[in-house]
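First the structure, in the form of C-alpha cells, and then the observations on it.
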Amino acid sequence: MRAHASVMHLDLDAFFAAVEQRDKPSLRGKPVVVGGVGGRGVVSTASYEARVYGVRSAMSTREARSRCPHAAFLSGRFHAYREASHAVMSLLRSVSPLVEPLSLDEAFVDLERAGLPDLEVETVTAFAEELRGRVTEATRGLTASVGLGTSKFIAKVASDLDKPDGLVVVAPGTERDLLRPMSVTVIPGVGPATTERLRRAGITTVADLEAVSLDELVRLVGKAHGSGLWSLARAQDDRAVVADREAKSVSVEGTYDTDLTDRRLMEGLLTRQAGEVATRLRKHGLSGRTITIKVRLHDFTTLSRSSTLVSPTDATATIARTARALLADLDTSGGVRLLGVGVSGLADWVQEDLFGETEAEEEPLPEVEVPHHSRRTWAPGMDVEHTEMGRGWVWGSGRGVVTVRFETAETPAGPVRSYAEDDPALSAWVPPPLPDEQG
DNA sequence: TCTGGGGTCCTAGGACCC
DNA sequence: TCTGGGGTCCTAGGACCC
C-alpha cells in the first residue's frame with residue numbers, strides 16, 4: 001500500500017451500449033442491449049435504461065427480451081469498440097507510461113509516473129476530474145467512472161462507488177473503514193463459489209473476513225486464494241501497475257444454436273477455428289506448443305483435451321490436425337453445444353520451418369480429409385463465395401446439396417442457404433495471403 | 001431452448017529426473 | 001520385504017474476470 005492515492009482505475013460506463021447510443025442518436029435515452037442475439041446468446045452490456053428493467057450482463061438474451069421486450073438488441077460492432085478503446089488507452093498513455101488495460105473498457109493508471117507536482121488528495125482529484133473530461137472528448141461523448149486509491153484494489157472498489165460518470169477518491173488511511181461493512185464480493189476473485197463457501201463459515205462481510213485467521217482461510221479456500229483474501233481484507237495490496245502484459249493463450253470458440261451431432265461437421269468447425277487461431281497467432285508474431293480443444297456437451301458438461309507438441313507452431317494445418325485428433329477421443333454422441341480451439345505455451349518467435357509444415361516428429365494422426373479450398377467438393381468449414389450472397393462457409397453437404405452459412409462480423413449466426421452442388425454461382429474462396437481482417 | 005467469448009490463475013495427480 | 005523428497009512438466013478441471 002502506498003502513502004498516496006496514486007493508483008487510478010478507469011472504467012467506461014456501459015461501454016458497448018454507450019458506443020451504440022453515441023453512433024445512433026435514435027437509441028439515446030432508450031434501453032439498449034448488446035450481446036449474443038442467437039438462441040443461446042447472453043448479454044454483454046445493457047444500457048442504464050435497460051438496467052432499470054433488471055437486464056444485466058451475463059443474463060441470457062432470452063431472459064433480457066422477456067424483461068425488456070422494447071429494448072434494442074444488438075450483436076455488437078467490435079471494430080467501433082476497439083477504436084473507442086484505443087482512443088482512451090492512447091490518452092491514458094499520454095498521461096503516464098504505466099497503463100495496464102484490463103479489457104477494452106477498463107484500465108489502471110499509475111499516477112506516480114504522471115509527473116504531477118505532488119500526490120496529495122486535492123491534486124490527484126483535480127487531475128482525475130480533468131482527465132475524465134478529456135476521455136469524454138476523445139471518445140466523442142462516452143463517460144468514465146474513476147476511482148483513486150493507495151492500491152489497485154482500493155482504486156477498483158472506488159471506481160464502482162459512484163457509477164456512472166463519477167469520481168471517488170479514497171483518502172489514504174481510510175481504506176479499512178471503507179471496506180469493513182462491505183460484502184466479501186467486493187474482493188476481486190470472490191465469485192459465487194467462494195462466496196458460498198465463506199457464507200457457510202459465517203463470513204459475509206469484509207469485517208467478518210478480517211476476524212478469520214490465515215490458517216483458517218487457507219483451509220476454507222486454498223493456499224493462494226486464502227492468503228490473497230487475508231491480505232485484501234486488510235487492504236494490503238502491493239500489486240504493481242504493469243504495462244504491456246504478454247498474452248499467454250489465443251483461442252476461438254463458438255456455441256451453436258442447435259446441438260451438433262455430426263462428427264464430420266465438428267471436424268470442419270474445428271478446422272475453421274484452427275485457421276482463425278493461426279491467423280491471430282501470426283498477426284502477433286506468436287506461436288505455441290500446446291493445442292487445447294474445448295467441448296461443451298448438450299448437458300453443459302465441459303471437457304478439455306490438450307496436446308503439447310515438441311516445438312511451437314502457428315500453422316493452421318498442424319493446429320487443425322491436432323484438434324481433430326483430440327476430438328476423436330471424446331464421446332459426443334449426446335450432442336455438442338460448444339466447440340473451441342486454443343493455443344498456449346506461447347513463444348514470441350516462430351520455429352524455423354525446416355520441414356514445410358514442421359510436423360515430421362509428431363505422432364501419427366488419424367486420416368481425416370482436410371477441407372481444401374482449391375477443390376470443388378464442398379467440405380464443412382471451407383470458405384465459399386456466392387455471387388449474390390457474398391462470402392460464407394460450408395455448413396453441411398451431401399446428396400448433391402450444399403448448405404452455406406453466410407456470416408459476417410455483424411451477424412455471427414448469419415443466414416443459411418442451400419444450393420445444388422454444381423450451382424455455378426457458388427465458388428471456392430481462397431483467402432488472400434495474411435488477411436488483416438480485424439483490428 | 002436456461003447458461004457467450006476471450007482470457008487469467010490455481011489445484012491436483014502422474015510422469016520423470018536427480 | 002521396504003519404499004525420500006524436491007523440482008518441473010504435462011494434463012484436466014474449475015473459479016473467476018470483463
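Heads up, residue numbers simply count up from 1 along the chain you see.
Backbone N, Cα and C define each Cβ position, glycine as well.
On a predicted model such as this, the values are computed, not experimentally measured, just so you know.
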Key: Listed range which TrEMBL flags as region 'Disordered', given the options A:20-49, A:260-289, A:350-379, A:410-439   = A:410-439
Task = Return the single residue from the recorded positions list (A:ASP105, A:GLU106) that has the minimum number of other CB atoms within 10 Å.
result = A:GLU106
Key: C-alpha spacing of A:ASP105 (Mg(2+) binding site) relative to A:PHE16 (site 'Substrate discrimination'), in angstrom   = 9
Message = Taking every protein chain in this structure into account, which of the recorded positions A:ASP11, A:PHE16 has the most other Cβ atoms within 10 Å of its Cβ?
response = A:PHE16
Request  = Determine, to the nearest whole angstrom, how far the Cα atom of A:GLU106 (active site) is from the Cα atom of A:ASP11 (Mg(2+) binding site).
outcome  = 5
